[in-house]
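Enquirer: Annotated signal peptide per TrEMBL: 1-22, in sequence order. The domain 'PGG' feature in TrEMBL is assigned to 2-105, 145-256, 307-417. According to TrEMBL, the transmembrane segment annotation covers 54-73, 82-100, 112-133, 153-169, 202-222, 234-251, 263-284, 314-331, 362-383, 395-413, 425-444.
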Amino acid sequence: QQARSLVLLLATLAATITYQAGLDPPGGVWPDNKNGHMAGDPILLTVNAGRYKAFYYCNSVAFVASLVAIILVQSKVMLETHVLEAAMVLDLFGLIGAYAAGSSRDLSTSIYAMALAGAVLVYVVIHVVFFTLNHGDPTPEEIKSVDKRRKRLLLFAVLAATITYQAGLTPPGGVRLQDDGSSGHQAGDPVLFYNFPRRYTAFFYCNSVSFMLSIALIILLVNPHLYRPAIRSYALAVCTGAGMFGLMGAYAAGSTQHLKTSIYIFVLGAVVLFVIAVLLLVFLDNRNANVTSQPRPENDDDEERKTKQAKRKYLMLLGILVASVTYQAGLDPPGGAWQHSGSGYDAGNPIMHDNQRHRYLAFFYSNSTSFVASIVVIIILLLEWKDGKRWSLKVMNTTIVLDLLALLVAYAAGSSRGWKTSVYVVALVIAVLAYVAVHIVLAISCCHSPREENSVDPARVAPAAPIV
């Protein structure tokens, strides 16, 4: 059952991102018929046919292998012989090849990107070897705890691989659709590569580190003989932390125009941590004030433990959802980016930033707050408090609610171009909440309504007649 769930999860991930990448190839498509090429054809196929073919076949192999795995995952023979797990490992290596070929334009950078995955695997092996010398055999309770932690690590790896694969193939600022002989710009190259080389380099390597880390994590999490010692020695925790910082670094470099704004994102992360710490103190004080010394039955502890696990999974899924959508929206903002420099703006910068500055700032800061808050929540949930404290889950739940409110503000600011329409979005939210509140009131009133027809008054029941 665990193997089936793992294969389905990985196959769904690979099928989703490879399908989108195949239909929207890196480098874009030609906008017109000119110079021997046709409109709609991939630009990279004309500019660098070898690189495009390497990307296309690696991406296609990963897509086909994932579909085959989804179809054959119900076969017990395939699972017992580990054929599907081997196919998914091949699938992940196909993703690595497609990313290395499609996210860069020179051979040396592609080699660097592929070497990152190998470096991660080597580091994990060395870490496990040196930090598990004094570890004995794990107890059944430790194995159970490690398997639960593995699920959350796998969810993070799936999140990071999904969004970084797409961002690497379609970088922020878009790609050039025409050659520019005067400046040396070539069609299919990222716009930021020439206008903001440092910013693009920071984005590329942070995004690539996060992607390769996530792929290496998934490969390690397939085999229990690898992931159990790696989780016990905190080797995968180190990789996860590095992947999180890579995501934040790529977001800070790819979603902003100035260094000061990039620094703001990391300051925002510190602010979110401070707010969570304050909430922890508040909930802890309330908990200590309400603690009773009455012992609880063992069954209640089991039920409470199951409830905490369910809440933790729920919060993790919400954090992953918000982090994925806000990461993509930050790198590809509403309104698109300028394709050419001139009239006081630079190619690669968001169009809304120059045309509707206040609306763009409202979107950017709300989206960034939501992204950073979701990343912080994921990190804290991955740490897994030793005692599984209920008050920590309340803090995470409160943070997620604030996170979703910021997401709502970003949607209202970025999905329309007039403030009146944004007000309509807020009004729709209020209407939906009122609709739900009415149903809650009706449900409560129905549950507590007296049922006179079913109730019987014992005083009114006539005594049975004596049998003569």
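Placement of Cβ uses the backbone N, Cα and C atoms for every residue, glycine included.
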Enquirer: Take every residue in the domain 'PGG' (145-256), average their pLDDT values, and give the whole-number result.
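Expert: Value for the domain 'PGG' (145-256), mean pLDDT as a whole number: 82.
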Enquirer: Where else in the chain does the transmembrane segment (54-73) make close Cβ contacts, counting only residues six or more beyond its ends and a cut-off under 8 Å?
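Expert: For the transmembrane segment (54-73), the far contacts come to 4, 7-8, 10-15, 18-19, 21-22, 25-26, 44, 79, 84, 87-88, 90-92, 94-95, 97-98, 101-102.
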Enquirer: Of the stretches 112-133, 362-383, 395-413, which racks up the most C-beta pairs under 8 Å with the transmembrane segment (425-444)?
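Expert: Selected stretch: 395-413, with the most Cβ pairs under 8 Å.
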Enquirer: Could you put numbers on the helix, strand and coil content of the domain 'PGG' (145-256), residue by residue per DSSP?
Expert: 85 helix, 4 strand, 23 coil
Enquirer: Taking helix as H, G and I and strand as E and B in DSSP, count the residues of the domain 'PGG' (2-105) in helix, strand and coil.
Expert: 76 helix, 4 strand, 24 coil
